[in-house]
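**Student:** One structure follows; several queries about it will come next.
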Amino acid sequence: MLSILKKLFGTANDRTVKKLFSEITKINSLEPAIQKLSDEELKNKTVEFKEKLKNGATLDDIVYEAFAVVREAAKRVCGMRHFDVQLIGGLILHRGMITEMRTGEGKTLVATLPAYLNALTGKGVHVVTVNDYLARRDSASMGKIYNFLGLSVGCIVGGMPDEVKRAAYNADITHATNNELGFDYLRDNMKYSLQERVLRPFNFAIIDEVDSILIDEARTPLVISGPVNDNAELYGKIDKIVRLLNASDFEKDEKLKTINLTETGITHIESLLSKENIIKPDTSLYDFENLTLVHYVNQALRAHNMFTVNVDYLVREGKVMIIDEFTGRVMEGRRYSEGLHQALEAKENVKIQNENQTLASITFQNYFRNYPKLSGMTGTAMTEAPELKDIYNLDVVAVPTHNKVTRLDLDDEIYGSKKEKYDAILKLIRDCYDRGQPMLVGTISIEKSEELSSVLNKEKIPHKVLNAKFHEQEAFIIAQAGRFKAVTIATNMAGRGTDIMLGGNPEMLIEQLDKEHNYEAKIAEIKAQIAEEKKQVIEAGGLFVIGTERHESRRIDNQLRGRSGRQGDPGKTKFFLSLDDDLMRIFASDRISGVLRTLGLKDGEAIHHPMISRSLEKAQQKVEGHNYEMRKNLLRFDDVMNDQRKIIYEQRTEIIKSKDSHGFLNSTTEELAKKIVLTFMPVGSYREDWDIENLSVELHRVFSIKFDHNVVSKNDVTEEEITKTVIQMAHYIYKSKEEAYSSELMHNAMKYILLTTLDQVWKDHLYSLDHLRQGISLRAYGQKDPLSEYKREAFNLFEQMLNNLKELFIQTVYHFHIDLKNVQKEDVSLEYKKLQKNMRESREDPAFSKYNAGSSLETDLKPVVSRIDPKDRNPDDPTSWGRVSRNELCPCGSGKKYKYCHGANE
């Protein structure tokens, strides 16, 4: 019934596209008039549009004319005219939706339409892509159109200085990678003045390869971190011990990606740990004193049994580097958390880096939800449409191709073993190579690509390998994959964003030329050669895409297929599978094995059966559903931190903007004074129960007040009067500082102390949340909802953090002093700014993890309570410890956290 209705009325997508086509006629009707404009008149249209917006017009009022102007500019500058389907894609993007357009349909050109239109507001547009190469390429090629129309263009890539980034972000249209945008947002919220920040307020983002960024990378948060405890030696020792375990000592679940010691395994590892003097004889791994070792053992087990080199990570230049499972690319600057990365470094016998503590983090899910208006484009989004709608409130519209797709998608071939599968692939590659048909062979990992490469080397078949190890050559290799007799092996979607043109890409070959010798003649020669090869390739059948395995996601398989048949070109695709493949083995092997036994599969023989295809699709849907739930669950937990992050970042901005910090100082002084007095002089208590001695100690610790006991000797004194006296004394101390140092210097000092203190307590809070998150799932065994428990405890920790902020701020303000011996009064402000600058620069060093007001201003700005090097602390003398973070291990050596030991009463 549903299929009949769809035939009669079309799908919702068909109806949307039909409606959009009716709007395209309005743009096309403007083309003759726009074509008659001179270059100068066309450029002046930008000024005209801005004036209309200034006078109250909306973007929708000028959308058709603006699109017509961009189309004409693209034709004059780049020789490219937007097709009607590209105009439809532009309207979809402008309206805050995702457009699904096949590979080769010119998505980069489509983005110029909404980017230009929305940039007219002057609030900036971000065009987001997945790597530096694409950001540079698109800003250079499409930037010509924007510049022609009088708009500025910026490009953001890794390693740029802040001044260059700031200028790029201030441009009308900025091309940037998703990673740099996220990290710049985090870095900006660690800066100490608004002038240092590089980003403008969020406005509109167009995300290229939107499925890759919003779905594939959603599970991996961006993290800025600093090193903590040096446990490298322990990781090394545990690694050696784990290598001695037998297969029966642990059990793993590949579906859930978990691993646990068995009873025999626990006994075995306890014996090994005891021999190495890591635990005491006759103690258990799970005794309280040894509990921290469980974490090291578990991570070493995971490193050796759940993670594979050249599949999950690779080792390059003595470093373990994570491979993105969806793209096959190295994830630069990313490290596994919770000690897993250190365990992998121990496994691979490279230098073990210190464990990191989170200083700032955000997921792409929460970063991109900051934009008031968000859109995206990709070749494959319909399979993930429900998730994109649910999480980002983004609708997906599939746009028809400009030319009819002539690509032929052949049925899968399934073999009993990997060897039989490779034999069949090799035979097909040999046949295609002999007739000159180019091939793109997709693998799911570096390991598999190198495995296949060695097979082709033995057969003496020339080929190129494209994987994370050769990232720099990625675009060039993939661009030439359509040449005559070309054989290219690629991991997943490596090279995504670069078209494969039949016969080859002449522009990239021309870029390789030496401009000094016969440049023009060589260009003509290359173009002639490419044209000839294109004819030969079309005669041979176009690009043949071979999939060596099904991916967990149907979308990734569709992306691989989409590399062939661009813009109506001929082509073929085919997947080769075996029962040894990961997807088949883990998720679908039993069902499919039964079918194959029934059908009587013989060695070297392929099978085609609709039941097998359905089983594979069900397996993929099962994994997609599992991954979706993981991303959704991550978002639920991250939303808790995100709400707190927004509050902290907003407060930080308010502090930086503030012209006067006295309000916060006075209110916090009064709040703490009341709290301290009531702690030692409870309401309704008898005078003899008052603890005046400890009240005096606490007032000196917090406010630097020397409290006179005689004040309390009066019979009629009350706690309210004591509180009032304390507040007056605190105000007097502050006033004295202000008179000594100047009100401007005190304001700057207070602002800076408040910012550094906020950074310190926020960092400690993130550390606490990390630990809370790690163990919260165990609450389910106690019939409690882990998410509800996490929300409740995270809120309590946040309140505690705010209380710590107030106390540390007050303590530092009332205790610090500035040495003015060598500073003239009128130069104090300048001197302080210089000191402040030095301090900030140390903050920006990612290796710097200890935020406290006294670190870099040791001679000029000295808080009484400073952090002491742990090596200089005497366990038996608490006065030698300095300030101890509540989450540090207590310096007394008890093994407990400070807040549960000597700091329990603080």
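Backbone N, Cα and C atoms are what each Cβ position is placed from, and that goes for glycine too.
Pasting the feature list from Swiss-Prot:
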BINDING   Q86, G104, E105, G106, K107, T108, D499  ATP binding site
BINDING   C890, C892, C901, H902  Zn(2+) binding site
REGION    862-887  region 'Disordered'
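Can you tell me where each of these features sits in the structure?
**Tutor:** DSSP gives T108 (ATP binding site) a helix state.
In this view, H902 (Zn(2+) binding site) is surrounded by 16 other Cβ atoms within 10 Å of its Cβ, with every protein chain counted. H902 (Zn(2+) binding site) falls within neither a helix nor a strand when secondary structure is assigned with DSSP, and so counts as coil.
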**Student:** Looking only at C890, C892, C901, which of these binding-site residues has the biggest number of Cβ atoms within 10 Å around its Cβ?
**Tutor:** C890
**Student:** Long-range neighbours only, meaning 6 or more apart in sequence with Cβ under 8 Å: which ones does Q86 (ATP binding site) have?
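**Tutor:** Expected: E105, G106, L109, V110, L113, H402.
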**Student:** I'm trying to understand the geometry here, so how far is the Cα atom of D499 (ATP binding site) from the Cα atom of C901 (Zn(2+) binding site), in Å to the nearest whole number?
**Tutor:** 62
**Student:** If you count CB neighbours within 10 Å, which one among the binding-site residues E105, D499 has the smallest count?
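**Tutor:** Across E105, D499, these binding-site residues, the one with fewest Cβ atoms within 10 Å is D499.
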**Student:** If you draw a 10 Å sphere around the Cβ of G106 (ATP binding site), how many other Cβ atoms fall inside it, taking every protein chain shown into account?
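**Tutor:** Taking every protein chain into account, the count is 19.
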**Student:** State the Cα to Cα distance, in Å, between C892 (Zn(2+) binding site) and T108 (ATP binding site), rounded to an integer.
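**Tutor:** Checking the Cα atoms of C892 (Zn(2+) binding site) and T108 (ATP binding site) gives a distance of 62 Å.
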**Student:** Work out how many Å separate C890 (Zn(2+) binding site) and G104 (ATP binding site) at their Cα atoms, rounded off.
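**Tutor:** About 61 Å separate the Cα atoms of these two residues.
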**Student:** List the residues of the same chain that sit at least 6 positions away from T108 (ATP binding site) in sequence and have their Cβ under 8 Å from its Cβ, in sequence order, or write 'none'.
**Tutor:** D138, S141, M142, D208
**Student:** Calculate the distance in Å between the alpha carbons (Cα) of H902 (Zn(2+) binding site) and G104 (ATP binding site), and round it to a whole number.
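**Tutor:** So the Cα of G104 (ATP binding site) lies 66 Å away from that of H902 (Zn(2+) binding site).
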**Student:** For G104 (ATP binding site), write down the residues of its own chain that are at least 6 apart in sequence and whose Cβ falls under 8 Å from its Cβ; none is a fine answer.
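**Tutor:** Listed in sequence order, they are D499, R566, Q567, D569.
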